[in-house]
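Contents: one structure, followed by commentary.
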Amino acid sequence: MRQMISRLEKTTALDAVSDRLQSAVQAVARPKRLRDLLHGTWLGHPLHPVLVQVPVGAFMSAAVLDALPGQRKAATTLIAVGTAAAAPAIAAGWVDWSSLSRDQRRIGLIHATANAVALGLYAGSLVARSSGRWGRGRLLAYAGLSVAGGGAYLGGHLSYEQGAGMNVAAPEKLRLPADWAEVGEVASLPEGRPTVRTIDGVRVLLYRVGDDVTAMVEQCGHQGGPLGEGEIEGSGADACVVCPWHGSTFRLTDGVVQHGPAAGDQPTLRTRIRDGVLSIATP
Ligand code: FES
């Protein structure tokens, strides 16, 4: 299985289709509000894995009921609920997929294809059940569950092996000192624009306005983009940094994500100024 997945990750034959689909999804989901809604930026957590709980739960429960006598109607209702609930999960999944790297998109494409096949099998099961062919309906539903299981395996690989949807900045913060570490003279920091210093091998983004300095992990939580090369939007307590790779926007004072594709906040650090020297520490 591992060898097969590793081959799929390198299958460049999928790239032409993947690139065209990516442009199409980005064109459809152009409004920022729609993208933020589907990424889960408002939730502080990717929305896709939350939404898939409904169809997965409904299909699993239907599989149990299909194995019991006298539960045909209940199983059919659950399959109908699962099939309908797949629509928002699919929409969120495609929007997340459209901002992934190429190798992640290859696995994502196969994950989506497997789930589309599974959904087709469940739709076929509903049609069969509606015309009284319960045996066929049950077989199609079990086939759908098997294919969906393969799709879920690939989704797990995408998240836990390839890091899609993870906050990649979180492990960086753990490498920073819990005790105060000196960064240097505050006066040496440029005013009103981001600058980067390396502390214990971790790049830290500093932003100074007068004697106020904010600090956050410089590697963007979405896919590791260089926030130090990002634009600053807004001013004062609302000033934000915009990631140059995919446009995730984080408030500098507290790292709260304002726009996706990042769904989680950017880790920030405590700052302290003594005798004109800036120090940072993890919260
Ligand atoms: S790396 Fe994707 S938004 Fe920053």
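Heads up, the Cβ atoms here are built off N, Cα and C, so glycines get one too.
Looking at 7-28, 139-160, the range annotated in TrEMBL as transmembrane segment turns out to be 139-160. Over the domain 'Rieske' (181-280) the predicted model carries a mean pLDDT of 93.
Within the chain, the transmembrane segment (75-95) has long-range Cβ neighbours (under 8 A, six or more residues past its boundaries) at 25, 29, 34-35, 38-40, 46-48, 51-52, 54-59, 61-62, 65-66, 108, 112, 115, 119, 122-123, 125-126, 129, 137-138, 141, 261. Under DSSP, residues within the domain 'Rieske' (181-280) fall into helix, strand and coil as 9 helix, 50 strand, 41 coil. The list of residues near the transmembrane segment (139-160) in space but at least 6 beyond its ends in sequence, with Cβ under 8 angstroms from a Cβ of it, reads 1, 5, 49, 52, 56, 59-60, 62-63, 66, 75, 79, 104, 107-108, 110-112, 114-115, 117-122, 124-125, 128, 166.
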